[in-house]
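Visitor: Annotated substrate binding site per Swiss-Prot: TYR18, TYR41, TRP76, TRP77, in sequence order. If you look up Swiss-Prot, you'll see HIS22 marked as active site, proton donor, on the strength of sequence analysis.
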Amino acid sequence: METIAFRMRLHPGKRDEYRRRHDAIWPELADALRAAGISDYWIFLDEDTHHLFAVLKRPIGHRIAQLAETDVMRRWWAYMADLMATGPDGRPVEKSLEPMFHLE
């Protein structure tokens with residue numbers, strides 16, 4: 001099992017709507033994330049910079065890359081596109097973060 005982190009960017013003024021949509025995450029999306037191997041998934045907001053920091057665990061042999069090919073993931077990205085920075089394909093712009101410290 002490995003832990004990864006990445007950063008995304010929320011548009012200013014979209015905090016409450018972002019939280020509302022995630023509080024009502026579609027069950028089929030949650031199932032797809034779990035089926036891809038994602039667990040212990042957290043997203044934090046830095047309100048000063050509008051950066052979202054995501055941290056999750058995934059096993060060796062995870063299927064996260066295949067999520068982009070699923071209908072539910074594409075629909076979620078389209079649903080969230082008005083709230084955050086996205087690429088030409090509609091997926092959120094993500095920046096991988098380097099681990100600097102870990103205390104177990």
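Quick reminder: no glycine exception, Cβ is built from N, Cα and C everywhere.
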Visitor: Other residues with Cβ within 8 Å of the Cβ centroid of TYR18, TYR41, TRP76, TRP77 at the substrate site?
Guide: ARG21, HIS22, ILE25, LEU29, TYR79, MET80, PRO92
Visitor: State the Cα to Cα distance, in Å, between TYR41 (substrate binding site) and HIS22 (active site, proton donor), rounded to an integer.
Guide: 12
Visitor: If you draw a 10 Å sphere around the Cβ of TYR18 (substrate binding site), how many other Cβ atoms fall inside it, taking every protein chain shown into account?
Guide: 17
Visitor: Please find, for TYR18, TYR41, TRP76, TRP77 as listed binding substrate, the greatest distance between any two Cα atoms, in Å.
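Guide: Roughly 17 Å, rounded to the nearest whole number.
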Visitor: Return only the integer: C-alpha distance in Å from TRP77 (substrate binding site) to HIS22 (active site, proton donor).
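Guide: Here the two Cα atoms are 12 Å apart.
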Visitor: Find, for the listed recorded positions HIS22, TYR41, TRP76, TRP77, the residue with the lowest Cβ contact count at a 10 Å cut-off, counting only other Cβ atoms.
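Guide: Per-residue Cβ counts within 10 Å for the recorded positions HIS22, TYR41, TRP76, TRP77 bottom out at HIS22.
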